[in-house]
Amino acid sequence: MQPLLQLQGITKSFPGVKALSGAALNVYPGKVMALVGENGAGKSTMMKVLTGIYRKDAGSIHFLGQEVDFNGPKASQEAGIGIIHQELNLIPQLTIAENIFLGREFTNRFGRIDWNKMYAEADKLLKRLNLRYDSRRMVGDLSIGDQQMVEIAKVLSFESKVIIMDEPTDALTDTETASLFSVINELQSQGCGIVYISHRLKEIFEICDDITVFRDGQFIGERPVSDLEEDTLIEMMVGRKLEDQYPRSNKAPGEVRLKVQNLSGPGVDSVSFTVRKGEILGVAGLMGAGRTELMKILYGALPRTGGNVTLDGRDVVTRKPQDGLANGIVYISEDRKRDGLVLGMSVKENMSLTALRYFSHAGGRLKHAEEQLTVADFIRLFNVKTPSMEQPIGLLSGGNQQKVAIARGLMTRPNVLILDEPTRGVDVGAKKEIYQLINQFKEEGLSIILVSSEMPEVLGMSDRIIVMHEGRLSGDFPIEQATQEALMAAAVGKQYGAKQE
């Protein structure tokens, strides 16, 4: 089968680093090609070369049988290559139709916008994707999943033959992900070629036909999904076997440190649990079960309406996040870009932001040398890959951003560390490093609460697991009794040998 799009021998260098070296990618009509690799493998650079953001140093790009060299995203878009970024590019205050045709509005012979034609054309695009909502709806009223469908419709309005999806399910619920997969199947039936960039290997094996693997800027291989198993794919991505994906520390937990009794608040109803010193408590459950809300109430980011919390035997009241920090409770958000990090600030500023009191003189003046030494130590400890501590954190990979977010929490010297989806959007190599750090914290006596939607992660890392369902606790499992089936049963509200606290 002739590819719609073919990139061969692509090389791209930046000062001091070769980002791509002889990289290749083929996209076939009616097929979904996964593009996988660790963070820093060159996936994003390859897409930027393809769309003309970066100029390639060597290699060739063929699209629809012709050699092309786009001078920018507008040229590649108009040629029929659409890209849907991880960060959606829509204006909430405009309608669906206005977003789709922004800057390309239909006009009548008097030069005025032909609203009827614009809405009719937008409705046609939505219908092509089997979407039933009206293009007159405001984008701000749509869920993230529906907004993503608008992005796809916008791409189709350019008659795109190749559509690139970058981490498309990162912010989607399971239902929205299923809808996206239906749309992808529809696009395949219309002959579109899809490039699917994701860290979620389960999805890749579900929706993709073929897989292209990059490692350290090089093309490692292209294989049909049917020829690969997950372990083999991971080995191709990281260049080594991940024999022990979830390194477990067998050090026994100590005495109870945190005791939560009948805690209630927005989306949470009378939840009780304990966490011991040197214990990793896993928190499982489906999207919307109230896991994040429970953690935010505990930390002080959401109001508590009932219940009580004791830490090392003393009552703790957290009305705001500062109260949580003051009591040694640190929460690392699931959405590090919205709640956790300031992307325009440096690695150093982000890392020390909540711990500045430890680097301040009595008059409030900063001890800059001490701050720099501590940040440098944490960068080494966490193996943060950055040219310098002054590098804007927005330029780091997802895995390195997450390490900085966790390091910042540790700088405040907490007793309880809450990690909400700590490996979301992080590649398999960086995940292993984060797991090793979590075990190190456990061995040092820190109490850790690990909230995760990835069942293998919760099972692989936790000493004990509680499960949430519709705002209530539906299960409490010692790790010896925890299985994927038991956790899933509790997550949907069935008791499967679970002990209700």
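The backbone N, Cα and C atoms fix where each Cβ goes, glycine too.
Features as listed in Swiss-Prot:
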DOMAIN    5-241  domain 'ABC transporter 1'
BINDING   GLY37, GLU38, ASN39, GLY40, ALA41, GLY42, LYS43, SER44  ATP binding site
DOMAIN    252-495  domain 'ABC transporter 2'
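In sequence order, PHE214, ARG215, ASP216, GLY217, MET237, ASP427 are the residues near ALA41 (ATP binding site), counting only same-chain partners six or more apart with C-beta under 8 A. Packing around GLU38 (ATP binding site) is summarised by its Cβ count: 23 other Cβ atoms lie within 10 angstroms of its Cβ, all protein chains included.
In three-state terms derived from DSSP, ALA41 (ATP binding site) belongs to neither a helical nor a strand segment and is classed as coil.
Other Cβ atoms within 10 Å of the Cβ of GLY42 (ATP binding site), summed over all protein chains shown, number 24. Each of the binding-site residues GLY37, GLY40 was ranked by the number of other C-beta atoms within 10 Å, and first place falls to GLY37.
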